[in-house]
Amino acid sequence: MSHFPKLLSSQIAFDVARTMLDGFDKHYRLFREVSVQAKTAFETGDWAGLQQLQRDRIAYYDERVREASVILEDEYDAENIDDEIWRQIKLHFIGLLTNHHQPECAETFFNSVCTRILHRSYFNNDFIFVRPAISTEYIENEESPTKPTYRAYYPGTRDGLGACFERIVHNFQLNAPFEDLERDIGYVVRAVGEHFGDFRIAPNFQIHVLSSLFFRNKAAYIIGRVINGDKTFPLAVPILRNAAGQLSLDTVLLRQEQLLILFSFTHSYFMVDMEIPSAYVTFLRDLMPRKPRAEIYTSLGLQKQGKNLFYRDFLHHLQHSSDKFIIAPGIKGLVMLVFTLPSYPYVFKVIKDYFPPPKETTRELIKSKYQLVKRHDRVGRMADTLEYSDVAFPLSRFDDDLIKELEKHAPSMVEYQRSEDGGEEIVIRHVYIERRMTPLNIWLHEGTDAQVEHGIIEYGNAIKELIAANIFPGDMLYKNFGVTRHGRVVFYDYDEIEYLTDCNIRTVPEPRTEEEEMSGEVWYNVGPHDIFPETYRTFLLGDPRVREAFLKHHADFFEASMWQGYKERLLSGQMHDFYAYDAAERFVNRYGASAPDNAAQDNTTLQRAAA
C-alpha cells in the first residue's frame, strides 16, 4: 500500500517541485514558439526553415530534462534525497498543477526527470505518476477568450456555407495573399455538396474549427468537424503555397479514413500552437474514436506524452490478457530480433549483439539510423518508432523459444529481476516498438492478382516518395516493407538507410572480356555508396505476377536516370511536394479550369438550402 506523508513540511520538497515545473513550463513555451515560427515559415515559403524547426523541436524535450536534472543535482543533491522527501515532492507538484493547462504533459516531464536522476531499482510508484493525478477534462483557456480551443460557425444562416467558410479562412490571419479564394471556396462548397448530397439541415447544423493551423511539410491544415443532428463528420482543408507566394485551398477531406491517414504514424509530427493540448486531443479523438490517444499526442509533436500513454495502455493490456510474447512470424532479420504479442498490434525490435556477414554495422550506427528517421520527414512512407530503455516484462508471458532467441542473439540486452510483488521479470535494456503490419512479401505471395498489382504500385510509389525526400532505403527487399490497414506500403527496416544525395548512382559497365560477361560474380569495383538500379531486377522481379505489375507501373524504377533525376533536384535545393491524401482528391484534378462557374452555381444551391 502506498505511503504518503500527512504533513508537507519540507521546503526542499516544494523547491524541487517548483524547479521541475519551471523546467516543464520552459519546455512548453519553446514548443509553442516553434509552432508560431512555423506559421511565418509557411507564409514566406521557407521550407528548409520549416524542416529545421521540426528537427530542433524533437530535441527540446530531452534538453529540458537534462537541464532540470543538472539544476536539481547541483542545488539540491537530488540523488540523495530520501524517500519521504520524494513523496512530498510529488504531492507539492500535484498542488502546483491546479489550474495548469498542460497537467498531463507536466506529469510526464516529472517522470522523465525522476527516472533520469534515480536508478530504476530505486525509484518506485510512490515517486512518479504511474497514472494521471490531475484530470484534463473541461480545461478552458480563460485568459485568452480571443483564441479558444475551437470556434463555432453556423452555415445555416442566409449567408450560406461559402460565406461561412470565408470567415473560417480569414480567422487564421495568414500573412500571404490567396491566388483566388473565391474560386477555392466554390470548390469546397461543391465538394461538400457532392459528398453529402441532399441532406436535411438540423437546427444544430454547425461547423467547429480548431483555432490553430496544423503545419507539416509544405502545407497548413484547417481541422474541424461538421455537426448536423446526431451526426459528426470530419473536416480537413490543406492550404498550399505556390512559387509566386500565393495560397490556395487544395482540397477538402470529409471521410474518417482520410483523417486517419493524415494523422498516421507514418507521417512526421504536426506543428500546432496549443494552449490546452488535451482539448485538441479530445476534439480529434471525437473524429477518430478508434485512434489511441497516445498516437494523437504523438502526431501533435508531444511524442513523450504519447510514449507515456502508450506504455500505460500496454500495461493495461498485459493486465487484461494472457497470451505469450512470441518470435514474430516471417523472415528473421540479420540485425534485429523481432517479437510480438499476438493480441497487441505492435512488434518489439531488439538490436542483436552481433551481425553475420554481409552486414557491417554497429549498435550505435543502427541507433543513429533510427534517430535519423525520427528527425526526418517520413512523408507517410516510414513507420514511426517508440524507443524504450529498461522495460520490464513478466517472465511468465515470454515463450520459451523467444527467451532462447534473446539469450542467443542479444544476451547483453537481457537481464532478470524480481518485481515488487515478488514475481520474476525479464528486463529488455533497449527496444524499439512499431505498429505491426502485414509484411509486403507475404502480401504479394498470398494476395489476389488485384492485391499484387496494388502492392507493387504502392511499393514503387513508396520508394519514389522516399528518394524524393532524400532517403535511400538501402535494403529494398519486400520483407522490409509492410502494408498498413489502409493498404499503404510503408518502409520499416532502417539499418541501411542513407541520404540519396550521399549515394553514387551508377550503371553497370560493359564487360571487357568474355570471362567478365560470363562471370557469376561482380567483376567491377563497387564503392560503399554505389548503387546500381538496373541490378534490382534480379531480386524484385522473380514472381511472374510481380514482374508484370512492376513493368506496367514502374518500369523506370530500374533506370539510373530516374534515380539521378531525383538526386539532382535535391542537390539543386528543390523540395518535392507530398500529399497526405490521394492526388485525385485535389481540386486541380477534380474540377480543373472550368470549375469556378460550376462551383459558384453549387454554392448558390447550398446557400438556398441552408437558408
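Every residue gets a Cβ built from N, Cα and C, even glycine.
Listed features, source Swiss-Prot:
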| type | residues | note |
| --- | --- | --- |
| ACT_SITE | D384 | active site |
| BINDING | A328, P329, G330, I331, K332, G333, L334, K349 | ATP binding site |
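Cβ neighbour density within 10 Å is lowest for L334 among the binding-site residues A328, L334. Taken residue by residue with DSSP, A328 (ATP binding site) is part of neither helix nor strand, so it is coil. Fewest Cβ neighbours within 10 Å among the binding-site residues P329, G333: that distinction goes to P329. A coil conformation is recorded for L334 (ATP binding site) in the three-state DSSP classification, outside any helix or strand. With the fewest other C-beta atoms within 10 Å around its C-beta, K332 stands out among the binding-site residues K332, K349.
Applying an 8 A CB threshold to same-chain residues 6+ apart, the list for I331 (ATP binding site) reads P439, N441, K479. In this structure the alpha carbons, written CA, of K332 (ATP binding site) and D384 (active site) are 21 Å apart. Listed in sequence order, V338, P439, N441, I442, K479 are the same-chain residues at least 6 apart in sequence whose CB falls under 8 Å from the CB of G330 (ATP binding site).
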